[in-house]
Amino acid sequence: MAQISTSSSEKIILGIDPGTRFLGYGLLRITNDKVTVLQYGVLNLTKYTTQGAKFLKIHERVLGILEEFLPDEIAIESPFFGKNVQSMLKLGRVQGMVMSLAFSKSIPIAEYEPKKIKQSVTGNGNASKEQVAKMVEIIGNIKLDAKMHDATDALGIAICHHFHNKNISSTLKGTKKGWGAFVTENPERIK
């Protein structure tokens, strides 16, 4: 497999929508704030009958993505509290496996709650999957397969991460001026 290379002004973000039935993934290349969708897909795990077989397949696929695309950062949907404790435990194991793979490759990983992802991508924390998919298409300038909700969600997670980092960077840039600039810009606040 060919490896993707990036320059210092580029970065690749891998978004993961974890699951034990379907795992969505999406890769973005960010170049000077321009978002390009590199690849997306869904790992269908329904044909595997044991948790061990599912986890092995997840491990193999995520590791393959990490080695092929060499992402600079990973974003994953954080656990949410549902009524089914067993499902939540299984989901937590998948998240832990992805995090472990990221740590083993020294790739920073961030978690985002579903509402935060929807808010970042659509401006509405209660947006539907269809609304998220439409905004992902607009932001990524791509037509997505409507049946691949998990992959669309993964791209949304990666976009959320990009927007989150962009906002932090611009906030930090404003704070690096120092006290001298603050005094000059705010003389009325100095006594």
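Numbering starts at 1 and runs along the chain as it is shown here.
Yeah, the Cβs are placed from backbone N, Cα and C, and that goes for glycine too.
Under the heading active site, TrEMBL lists ASP17, GLU77, ASP150. If you look up TrEMBL, you'll see ASP17, ASP150 marked as Mg(2+) 1 binding site. What TrEMBL records for GLU77 is Mg(2+) 2 binding site.
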Measuring Cα to Cα, how many Å separate ASP17 (active site) from ASP150 (active site)? 6
Which whole-number value in Å describes the distance between the Cα atoms of GLU77 (active site) and ASP150 (active site)? 11
Those residues of the chain, 6+ apart, with a Cβ under 8 Å from that of ASP150 (active site): ASP17, GLY19, PHE22, LEU23, GLY24, VAL42
